[in-house]
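So the structure is just underneath, and the comments pick up after that.
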């Protein structure tokens, strides 16, 4: 990954209705020397677009490299400055030899389905699971991680205790506003923010919309362009394009106002249980050796499954 063009091509090669990971090579020094690792995210609050979790890691002895790159509180940096720093991480020899990174792009569709499914997963759970999986991935890749610094989700004490239980041999520090305290978390935050920005720039609408990213704004509910998108791009039957987190109250309220009303019948499970040896009605309609048909893309993208009340 040597340029933003390469980043764009990589993002466009992935399905934007689920989640995927992008990562650097692990520098050799990160395999041989004790390393610190930072974790942060971008895009928890927006109603549009993915949430991105990022990690960055480097040898503890080379922390000065982070300052040379300009890693600081990412919220205090301009978009141009963040782009510049990540581009250095992509291309400059000192950074390539000392700093590794991984980003997970979690789609709006994945987030909303996690929050709406029967065994619900809150946004905090989705966030923590992503952070944990990225730390594990860095370790599996061979990075010698001995210290981890995390920008908190929820109460920092509980989060730190959870991570310490999972990674007992690693020093864990979880703090509020960690990206303004620890340069390694700032680096992770830059990875996450820039990846999200560029994921929005190259977003491809499966629904056939021809729209530039500047037309739907930042994705935050207070953005006038985002408000206009939420108000205008609604289908009475199918709801919103996959860019929208339909579980957000901003979208839910608009769906209640403009979409067709839909009532789901409550099924009493106690009345649908079969007696032992009873065949399901579906067995009478399909040959025993019939090959399983591939599910249509529409259902895969929306994680829809068929629940047959006769079985």
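Glycine too: its Cβ is placed from the backbone N, Cα and C atoms.
Remember, TrEMBL labels are computer predictions, not curated facts.
Quick look at what TrEMBL lists:
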DOMAIN    34-260  domain 'RNase H type-2'
BINDING   40, 41, 151  divalent metal cation binding site
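The binding-site residues listed here are 40, 41; among them, 40 has the most other Cβ atoms within 10 Å of its own Cβ. Residues near residue 151 (divalent metal cation binding site) in space but far in sequence (CB under 8 A, at least 6 apart, same chain), listed by position: 39, 40, 41, 175, 176, 177, 178, 179, 185, 189.
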